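J.: Sharing a structure here in structure tokens format.
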Amino acid sequence: CSRMSRRRADSHGSLGPDDEVVPYSDDETDDELEPSIDEQPEGLPSVSQLSGKVNCFLCESIPLCCLLDLNWQVKANDRSFCKQPQFQKKFFLCFKRCKYAGNAIRTYKYNVITFLPLNLYEQFKRAANLYFLALLILQIIPEITTLPWYTTLVPLVLVLGITAIKDLVDDLARHRMDKEINNRKCEVLLNGRFQECRWMQIQVGDVVRLKKNDFIPADILLLSSSNPNSLCYVETAELDGETNLKFKMGLKVTHERLQEESQLQSFDALIECEEPNNRLDKFTGNMLWGRERFPLDLDNMLLRGCKVRNTDECHGLVIYAGSDTKIMRNGGKTRFKRTKIDYLMNYMVYTIFVLLILVCAGLAIGHTYWYQDVGSRAWYLSIIFKHSSPVFLSFHFTSFRWLICVALMLFDFLLLSVEVIRLGQSKFINWDLQMYYSEKDTPAKARTTTLNEQLGQIEYIFSDKTGTLTQNIMAFKKCSIAGRVVRCLAQGHNGSKWVDFSSNIFAEKKFQFYDHHLISCIQSKKDKDVLEFFKLLSLCHTVMVEQREDDLVYQAASPDEGALVTAARNFGFVFLSRTQDTITISEMGTETTYEMLALLDFNSDRKRMSIILRFPDGKIRLYCKGADTVIYERLSPNSKYKDVTQEALDLIGATAIEDKLQDGVPETIAKLAKADIKIWVLTGDKKETAENIGFSCQLLTDDMQIYYGEDVNEKLSMRQNSRRNEPLGKPKKIKERFFPEGGKNALIITGGWLNEILYEKKKKRRRLRLRRLGKKPSPTSPQDSQPMNDHEKELRQQDFVDMACECGAVICCRVTPKQKANVVNLVKKYKKAITLSIGDGANDVNMIKTADIGVGISGQEGMQAVMSSDYAFAQFRYLQRLLLVHGRWSYIRMCKFLRYFFYKNFSFTLVHFWYSFFSGYSSQVAYEDWFITLYNVCYSSLPVLLVGLLDQDVNDKLSLMFPKLYLPGQQGTLFNYKNFFISLFHGIFTSLIIFFIPYGAFLQTMGQDGEAPSDYQSFAVVTASSLIITVNLQISLDTSYWTFVNCFAVLGSMAIYFGIMFDIHSAGIHVIFPSAFKFTGVASNALRQPYLWLTIILTVGISLLPVICIQFLCKTIWPSVGDEVRQRSTLAEEPPKEKPTFQRGARSRRSAYAFSHSRGYADLISTGRSIRQKPRARRDAPESIKEAPQAENI
């Protein structure tokens, strides 16, 4: 079906929230919402009544802070002001500290004092570690221990130590990063002069001086700069990933009176502003200086993380420092992340512990009855219990002995092996050359080692747009002049030679063009349409120009406008300079100056910009550019290039500008979608821009039905009303789908509608109003749009998540950083899904920390996202390799390791259980002590470790070619309770075979020398040998990817076993350590008997034969996806590439220009504030030229 065509609701009307503005989030302070007229406390005038009094004397006005709760006060050049008692707050018991934070930041988790206790606390959250600690305590008691205490202590210390070292290395990297930032230098006004200080020494109230290309150390109120009218250009890549410049401006009074160092020293203003919050797009405050009050807003603020550009020098006052700055407030809470397998292992540890308790209790009961019937008649046993009740002690001692014996054998070496495997997987990600971005020398980086297998279970990806999906680089692709389409990029040529632009000294060296006809038209100056087209591009804009080393550098308010002016420059129409009233360009080498009569800037309502110029010959001309939807409505009836005529403008041409996607973005999204991974785009950009990018990256397609905020709100309200009208006590129906008709659906919703739908805005304003009026909340009636209770609000949120998850694509635009995190949290809460967030700016940090996996795009200017991420790389396209290759392999390897580890330890441990039936249910072990100690360390650890590190069912190319291979990880089918119990029963079967076949063989046996080898020690050697060969051959059957290392590990483990066994059974070592090595000569005596070798072979064969048969049947009758891919891998070919979404005549084509365009510098140009002027002695600035009325058709 086709996309829904609808007119947008009036954003300023009563139909819904404004789609063009970024709403507040519920995390912000209450004082950010100005009270409406009906919310004013009695006796106080409204804010609107005070709007004309902001410059009146303090004694004659009511302070605005009384109404707006501007509780944050800063005194310029007075560090002691912030240390007054009224600014102290409690932080622990009765201890107080200053509420103003220092400028040092801290992203690390530990320090010298807290490392050991905090790290141990985090590690003992794992049930297995706590379990080991409890067993160690029991093992210290001599009466109940069956094994030496060091058999528990050594593995536990190794696990805790290796994990602690890994955490310490990660945290040291954070320490280094923090130290580097905190020790950056900045000039601070101290003792009457500017002194160089470290960032960490800056305090609230300091006056600082910044220079060109300096990073801004704190949230600073701009006082003055070297530019006219104290303009300051900043780059906000650290905040939002955008490299285009924004301008800030100091107040007129500070610009005129705070230029010199002596003037700044005497500056003693008091700033009253809002409390620190996470709003990157809002600031409210006042400056009290002398007896006057001056309003402050975000345009006066320089935020931490930005970089000063095109400004030689500027001065500012520190308002927020360190953790109070907006960039740090957007960082969100650092969460301790654990994988789904970790949580599952915890529950399995509890399950195993319960089973062990039951088994040990049963064996203890059996031993008690055996002692009463048999053991009590043994004189050597009665000596032990002569001072107490033998039955009581027998039960308890046996219970604890069995618990220690069985538990240690089962979990020994498990956690250490898991940590080694995770560390290895992280190194493989770091070493992957196919994820290395050579252009910026940026490799992929696994910043954590604990989440690798979680990469193979991702169900939802939440992505930022700017800098993540796109490069934020506008490319001038095509143009249409007088109805003729001209391609400007290399993809349009047919072997033609490049046009030589050497005659144009201003042309870009990288610019390639192949249409010689267009160039000849320009050079001959015969085609007036072509000349007018490029003249318009060079004149109708708000770009600022800077001369830098014989080159012109353009600074545009948005990258698309810069692309248009640069295109005109390449074709010979070069924008050179501008003043308040003129604009100068070079037309094919001829310099011409035009008088600017009026300049109407772009805004979201007009969607176009216009300029009125007086030509040198006296003619006055209007140039206008903008979105096709608004330009077509204003064309002249005589225009040759318009089907429907309306107004008075002549159409010269059209341009096609592409916000260039990163390489491989559409292919990556397509492959991830085939892997059943849902991708949601969360961006602060405008709705139209986000929608266009959705089409260009193939997230949206023409056959999708698109639903907007008003549609979503309507459907959710209907569901809510039907739920309210259901009679009480009626059984709940199965949830109905929101889109029962099926088909492809997409959801595009703005931040305003998101607040409206989830009741965030209504809850906020209601709480604020009741607080101001001092009233308690009244009960909500079902007729209100308010939620009746918290449960109804949760149901509404769950309905929204259900609806969004039914859609093939979800785009949330004009959302705040907090809203991004809230959306991620809603999916985690109501879908119990594994989520991944990816972004590149500080506005993405909160959602990166909220998601189960956080990925930062590195290699850009901004590094805030990388510092808070779990994984980092330079391009979005590497995400498919991270998930479909490394993530899937890590998950498969970890699951195979855990299944096999449980199997081999169940097989090893349960032999003691069967042996207990023939040893009076005592806790005597069935193996030699040294075999028990070395079983998991030397005899069976290396093969399974290599499987956990190197195994792969299919190679990386097939993993990317067949994304469906990713599905088992999402479904969790490779390791769950079903697989756990399969491993348990497999271990029970193997242990039965390993015990009872040798037991039967030893029952009535005579050796070649006439002696019976049916002693306990020989039996222990035979069962141990059978076990080692069986478990090592079993891992061979489970290995999918064989290398020399795997083969060496399997054969080497068996060789090591026999080598060590013959050594510790030798007479020489028994002579040196007689008490530690008691199996003297057993191995050489037992294994020289062919009968026992036949017993070992029979035991191993019967143990493995069922496994071989089952694996054969499964691969032939019930093959998995991986089996099918391996079978046809030789015939597999790359699937045909899909056709691009944008096609000529397709309905999804739309105007990109002006929808993404930001408001430019028109106000600065027309008022002359951006033009350099000589400093004036008098305070009153001259009247500037007023902007012409914004006529409807201009």
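Every residue, even glycine, has its Cβ placed from backbone N, Cα and C.
Keep in mind that TrEMBL annotations are predicted by a computer and have not been checked by a curator.
From TrEMBL, for reference:
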ACT_SITE  Asp464  active site, 4-aspartylphosphate intermediate
COMPBIAS  17-41  compositional bias 'Acidic residues'
REGION    1-44  region 'Disordered'
REGION    770-793  region 'Disordered'
REGION    1129-1152  region 'Disordered'
REGION    1166-1194  region 'Disordered'
TRANSMEM  124-141  transmembrane segment
TRANSMEM  147-169  transmembrane segment
TRANSMEM  347-370  transmembrane segment
TRANSMEM  400-421  transmembrane segment
TRANSMEM  897-918  transmembrane segment
TRANSMEM  930-950  transmembrane segment
TRANSMEM  980-1004  transmembrane segment
TRANSMEM  1016-1035  transmembrane segment
TRANSMEM  1047-1073  transmembrane segment
TRANSMEM  1093-1118  transmembrane segment
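Structural setting of the listed features?
T.: Every protein chain shown contributes to the tally, and the Cβ of Asp464 (active site, 4-aspartylphosphate intermediate) ends up with 28 other Cβ atoms within 10 Å.
Nonlocal intrachain contacts for the transmembrane segment (930-950), taken as residues 6+ away from its ends with a CB within less than 8 angstroms of a stretch CB, comprise 147, 151, 409, 412-413, 417, 420-421, 424-425, 893-894, 896-897, 900-901, 904-905, 908, 1020, 1024, 1028, 1031-1032, 1035-1036, 1038-1039, 1041, 1043, 1045-1046, 1049-1050, 1052-1053, 1056-1057, 1060-1061, 1064, 1077.
Outside the transmembrane segment (1047-1073), and at least 6 residues removed from its termini, the chain residues within Cβ reach (under 8 Å) are 928, 930-931, 934, 938-943, 945-946, 1021, 1024-1025, 1028-1029, 1032-1033, 1035-1036, 1079-1084.
Residues of the same chain lying 6 or more positions beyond the ends of the transmembrane segment (1093-1118) and with a Cβ under 8 Å from any Cβ of it are 986, 989-990, 993-994, 997-998, 1001, 1022, 1025-1026, 1029-1030, 1033-1034, 1037, 1087.
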J.: What parts of the chain pack near the transmembrane segment (980-1004), using Cβ distances under 8 Å and only residues at least 6 beyond its ends?
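T.: Sequence-distant neighbours of the transmembrane segment (980-1004): 348, 351, 899-900, 902-911, 913-915, 918, 926, 1013-1014, 1018-1019, 1022-1023, 1026-1027, 1030, 1091-1092, 1095, 1098-1099, 1102-1103, 1106-1107.
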J.: Could you tell me whether the transmembrane segment (147-169) and the transmembrane segment (897-918) have 3+ CB pairs under 8 A, leaving out pairs under 6 positions apart?
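T.: Contact absent: fewer than 3 Cβ pairs fall under 8 Å.
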